[in-house]
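Notes for the one structure printed next.
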Amino acid sequence: MATKAVCVLKGDGPVEATIHFEQKGTGPVVVKGRITGLTEGLHEFHVHQFGDNRQGCTSAGPHFNPLSKKHGGPKDEERHVGDLGNVTAGSNGVADVLIEDSVISLSGDMSVIGRTLVVHEKEDDLGKGGNDESTKTGNAGSRLACGVIGISP
């Protein structure tokens, strides 16, 4: 069983990141790292279904959602497994990421290994935007950078 993973995110623009995942036993997954090149403010941060970046971030598919739920916030009962919420970039364009999530895993049916991590252009409305797109994607706009999550030593 994997206990650590890493993801290097890149896109067509200046946004890039290295994000680390760690899980002890069946406990929550700690997600930490730094994203650079963002505009100041909130940006949606999600695990997407496929580990396929052959056509850029669009080939990663929809949010990772094996339980067929509607999009929501990371603390909501109704959420996609891959819904990690927002990261906040300061005026320097840097977002320091520190998330503890009890829904994703590094093994089993909820495993994010081999899937794509994506940072988006806009803020995630956490499924509360009052329209169909909100309950699918959080109205977060384009995909700025992405990478496939892989097992690390």
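Including glycine, each Cβ sits where the backbone N, Cα and C put it.
It should be emphasised that the depicted structure is a prediction, and the values quoted were computed from it without experimental measurement.
Feature list (source: Swiss-Prot):
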- HIS46, HIS48, HIS63, HIS120: Cu cation binding site (BINDING)
- HIS63, HIS71, HIS80, ASP83: Zn(2+) binding site (BINDING)
- CYS57-CYS146: disulfide bond (DISULFID)
- CYS7: S-palmitoyl cysteine (LIPID)
- ALA2: N-acetylalanine (MOD_RES)
- LYS4: N6-succinyllysine (MOD_RES)
- LYS10: N6-succinyllysine (MOD_RES)
- SER102: phosphoserine (MOD_RES)
- SER105: phosphoserine (MOD_RES)
- SER107: phosphoserine (MOD_RES)
- LYS122: N6-succinyllysine (MOD_RES)
- LYS122: N6-acetyllysine (MOD_RES)
- LYS136: N6-succinyllysine (MOD_RES)
- LYS136: N6-acetyllysine (MOD_RES)
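Distribution of Swiss-Prot features across the structure.
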residue	record	DSSP (3 states)
ALA2	N-acetylalanine	coil
LYS10	N6-succinyllysine	strand
HIS48	Cu cation binding site	strand
HIS71	Zn(2+) binding site	coil
ASP83	Zn(2+) binding site	strand
SER102	phosphoserine	coil
SER107	phosphoserine	coil
LYS122	N6-succinyllysine	coil
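All chains included, 28 other C-beta atoms sit within 10 angstroms of the C-beta of HIS80 (Zn(2+) binding site). The Zn(2+) site is defined by HIS63, HIS71, HIS80, ASP83, and by the 8 Å test on Cβ atoms against their centroid, the other residues of the chain that qualify are HIS46, PHE64, ASN65, LYS69, LYS70, GLY72, ARG79, VAL81, GLY82, GLY127, LYS136, THR137, GLY138. Here the recorded positions are HIS48, HIS63, HIS71, HIS120, LYS136, and the one ringed by the most other CB atoms within 10 angstroms is HIS71. Note: the Cα of CYS146 (disulfide bond) and the Cα of LYS10 (N6-succinyllysine) are spaced 5 Å from each other. Using Cα positions, the member of the recorded positions CYS57, HIS71, HIS80, HIS120 nearest to SER107 (phosphoserine) is identified as HIS80.
Cα of LYS136 (N6-succinyllysine) to Cα of HIS46 (Cu cation binding site): a span of 12 Å. Under the three-state DSSP scheme, CYS146 (disulfide bond) falls in the strand class. Comparing CA positions across the recorded positions LYS10, CYS57, SER102, SER105, LYS122, the one lying closest to LYS4 (N6-succinyllysine) turns out to be SER105. The recorded positions listed here (ALA2, CYS7, HIS46, SER102, LYS122) include HIS46 as those with a Cα within 10 A of the Cα of HIS80 (Zn(2+) binding site). In the three-state DSSP assignment, the secondary structure recorded for LYS136 (N6-succinyllysine) is helix.
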